[in-house]
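Relevant sequence annotations retrieved from TrEMBL are reproduced here:
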DOMAIN    8-694  domain 'Myosin motor'
BINDING   101, 102, 103, 104, 105, 106, 107, 108  ATP binding site
REGION    571-593  region 'Actin-binding'
DOMAIN    858-1042  domain 'TH1'
C-alpha cells in the first residue's frame, strides 16, 4: 500500500482518473519535476530519463528493495528486477525483461541497473563472482563497438541486444548468451552532421600508446580519416582515452587473449584505413570507364598489415567477377561502383567483426549443456521510430516493435486471465486493438511486405525500388493499414505529405511514411565475391575467419539470405524465446530533445506514450478490475474503518475484509472476492476507501491526542501533588528543627549558667589558695606558645650570610632565643654544605685554613677572601716540559706560580717558577725550564711572612736536610696567601705536623753557616701598592721597604 502513501501524483497509472492522455502526461511531468522518474502501470515500469545522477542507487537501495515485495516501496527499477529475480529463483519461472524506448531514453542505463542489481543480490563465491564480472564487463566492450554519439544521445546503442543470463537452482549465475540485432553498419562509412562513428575508433586513436599506433600504422589525429566526422571528434563528459583502457581491461576479464585483442584492434584499424583509399577515374583500351587507386601507399600499408598482396586487393576493389555455370566474367568497376565496393567491404568487415566479438563473449560466458538452469533474459532494443525520412532501417525497427507490442498485449491479457482463473473469478473477453493484422501485413510468408521485397530482389530482369512499390500498391490496394499515392488517388484522397516513392503503414503507435529508395540495395546487402575471396586469402587469422565464403572450396552459386529475411528470422526466434518466459516491461521515455535535466516536453513525451502504447496498456489492465490486493495487507490497511475489526480482529483475513466492506456499504458490482485477493473494479472505489481511511485517521489522531493530553494533565497533577507533599513535609520538619534548636540553645545556656555557678562555688571553696600559681603557669605557657609561633612565622632567609634574627619579646626568652639562633644558623650551614660538591668543599676548606692562618694578621688577607684559589697561574697544562719536571709519582701539582727569589747576599731578585706538589717544592729557572732547587716538604721547618700587603715570605729549612745546608729561601709571591695556605696543608698531609707560620716584620734568614736579619719597614705610601725594595745593611742585615 506504499503506492498510496505520500505519493507524488499517481504512482500506479492503473489508478489514473480520468483515463486520458492529458492526465497521464500531467502525472508524468509532476513526478519528473519532483525527481520521481519511475512510475508503474501494474507491473510495467515507466522510466523517464533524468539526464543526471540521482541518489537512489547503490548498495543501500539494493539492500532495501531486496527485502520487500513489488508494491511495498516506492516505484523503482530495483523493485521490478527484484520481482523478476525472486520469481526465477523461488518459483522456477524463466523471466525476461523487455526494455524499449527511443534513442536517448535511457535503455542502456536501465539494462545496466538491472544487471548490477541481479549481480548484487545473487550468490557469492569465487566462481560466481568471476561469472558476474564477465557478464558485467561485456557491457563496456559492446558499448565501445556498438554505441555511437547521435543527435539525440551521446551514447546511443546502434544495435539491438538480447542477453540470456543463466542461473543454477540456487539462483547463482552460471553464464549467459548474447544475441545482437541489426547493427547500424551504414554508420561506419557515413554519419549525419553532429554525430560520430562508433566509439571504438575514437577510443583507439586517443587511448593507444605510440608503440601500438605505430604497429597499426595509425596517426592520433582523427582529422586524417575519411570515415570519421571531422566536426565532432569529442563528446562532453566522455574520456575516450580512459575508456579505451577500460575496454582492454574488460576484454581481458572476459577471456580474450592478448593475441585476440591485438587482432581485433588490427581489423578495427583496417576499417579506418579503408576509408582513406581514394579511387580515381581510369579508362580501358576500348574506352570503357574503369577505376584505380589514386595513391598506392595506403593500399600497400593495408596489405602489409593483413598479409595480402596490395595488387590483389586493388584488383578486388576495382573489378568484379560474375560467376555463371560455364564461365567467370570479369567486369571493371567505375569510380562510383568501386567506392560502393570499398564502403560495402568496410561495412561488412565491421559488422562481421562485431558479430565475432559477440560470439567470442558467448564462448567465455556459455554454460555447459549438462547443467540444469534457469534463465533471465534482458532485451535492450530500439524503440518505435518516426523520422522525417524513414527508410529500410526504420521499417524493420518498427516491425520489431509491432511484434513486441503483440507479445505485450497477449502476455498481459494472458497474465490477467491466469490470475482471474487462480482466484476463481469469471473471465470476460477484453476488447482491445489486435495489431496482428499489421504484423501479418509485414511478415506474411507469401503476401507480406518483406516477402514481396525478397521476391523483387530475386526476380530476374529490371528490378528497382519503383517496381517494388508498384507491386505493393497492387497487392495492398484495399488493405486498411496500407496507404500510398496510388491508393489515395484511387479513393480520391489528396495528401501532399505522401510522395510518389513512398508508402504508409498505420502502426499501433501511429502512421509512418516510408521512402522506398534504397530498399532493394539495403535488403540485398551484397558484397562482391572478389572482396570476400581477397579477405579470405589474407594471412590475418581473424580477418580470414570472418569471410568463410571466400574459400573457393565452399564457393556456391546460391544467393545468401537477404537482410529482411535474416531480421525476420531473428525476430521470430526472439518472439519464441519471449513467449516461453514470464515478461517484465521497462518503458523508457526521453523528456526532451536537448538532454537537459529538469526539462519536460509534453509534445515529445506524448508522441512516445503513443509509440509505447501506454494508454492502451492501462486500458487493458483496467478492462476487468483495476485494483487487486491480498486479504492480509488489505485488512491491515482498512480494518480501522470497521468497529468489528478495530482495534483487534481474531478471525481470518477474508472474513475480516468482508466485515469492513459490509460496514462501508460498498456496491457488490464494484467488488469481487477471490481465493486470496479482493478485486476492486474502478479506481474511484479505491479512492473512496482512501478518503474514508484518511477521515478515520483524523478521528483516531484526535482521540489519541485527547487521550494523551488527559494522561499528560493527570501525570502533571500527580507530580505537582507529590511535590506539594514533599515541600510541606520539608517545611514542617524544618520548622520543628528550628524550634528544637532554640529549645536546645536555651537549655545549654541554662546548663552553662548552672555549671558556672557550681564551679565558682567549688572554686571559692577548694582552689583559692593555688589560684595564683595556676594562672601564672597558664599565662607563661600562653606567652611561650605565642613567642614560638611568632618566631616560626618570622624566621630569616636560609642564606648563610644572613645573620639577622628577631629579638625576643621578653627578657626571660633571651637565652633561649640565642640558643635557637645558633641552632638555626648551624642548620643553615649544614644545609648549605650538603648542597656543595666535593670540589667546592675542598675550596672552602682551603679558605677556612687561610682564615685561621692570616685573618687579622696579614693586611692582604681581606682582599684574597672573595677571589677563588686558581692554583695554576702559569698555564701548566699547556707546557709539557714543566709537567715532566714535577716528577711522575708526585700526583697533581697543587700550586704553580712564578715567584721572585731574593738573593740573600746582595738583595737582588731573580724569577723562578714554583711548583708545589704533595711531596716537594720545586723552583725552576724560567729561561732554561730546568729545576734549580727541589725542596722536600719534610725539609721545611717553618714560614715567615710580614703583616703588610706585600708578598714577601721566607721558607725556613731544617738544618739536617740536604737542602737545608744551603740555607733558607727568601721569596716574593703575588699570591702569597694561597701559596702559603696550600703549602701549609700539603706539609700537614705529608708529615702529619702543623707547619709554624710566623707573621712578623723582623725575622732571620739562615745563609749557609751564617744568618741574615731581615727587617721589613713600611714606606711612605703605606705599602698600598705592595712593591718591595731591598737594601743591604752591613754583612748580616737586609732592609726591605714595602
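The count begins at 1 with the first shown residue.
Cβ atoms are placed via backbone N, Cα and C, with glycine included.
TrEMBL does not curate its annotations; it predicts them automatically.
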Validating a neighbour-count step here. Other CB atoms within 10 A of the CB of residue 101 (ATP binding site): how many?
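Here the count is 26.
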Determine which residues of this chain, when 101, 102, 103, 104, 105, 106, 107, 108 are set aside, have a Cβ within 8 Å of the centroid of the ATP site's Cβ atoms, and list them as they appear in the sequence.
49, 153, 156, 157, 383, 588, 590
My understanding is the cutoff is Cβ-Cβ under 8 Å with a sequence separation of 6 or more in the same chain; which residues meet that for residue 107 (ATP binding site)?
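Those within reach of residue 107 (ATP binding site), by Cβ under 8 Å and sequence separation of 6 or more, are 99, 100, 101, 157, 380, 381, 383, 586, 588.
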In the region 'Actin-binding' (571-593), how many residues does DSSP assign to helix, to strand and to coil?
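Here the numbers are 9 helix, 8 strand, 6 coil.
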Report the same-chain neighbours of residue 105 (ATP binding site): residues 6+ apart in sequence with Cβ closer than 8 Å to its Cβ, ordered by sequence.
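Residue 105 (ATP binding site) has long-range Cβ partners 47, 49, 383, 588, 589, 590, 608.
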Tell me which of the binding-site residues 103, 108 sits in the most Cβ-dense spot, judged by other Cβ atoms within 10 Å.
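Max Cβ neighbours within 10 Å, all protein chains included: 108.
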Can you tell me how many other Cβ atoms are located within 10 Å of the Cβ belonging to residue 106 (ATP binding site)?
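Around residue 106 (ATP binding site), other Cβ atoms within 10 Å: 24.
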Restricting to the domain 'TH1' (858-1042), report the mean pLDDT as a whole number.
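In the predicted model, the domain 'TH1' (858-1042) has a mean pLDDT of 83.
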What same-chain residues, at least 6 away in sequence, bring their CB to under 8 Å of the CB of residue 102 (ATP binding site)?
152, 382, 383, 384, 385, 590, 608, 611
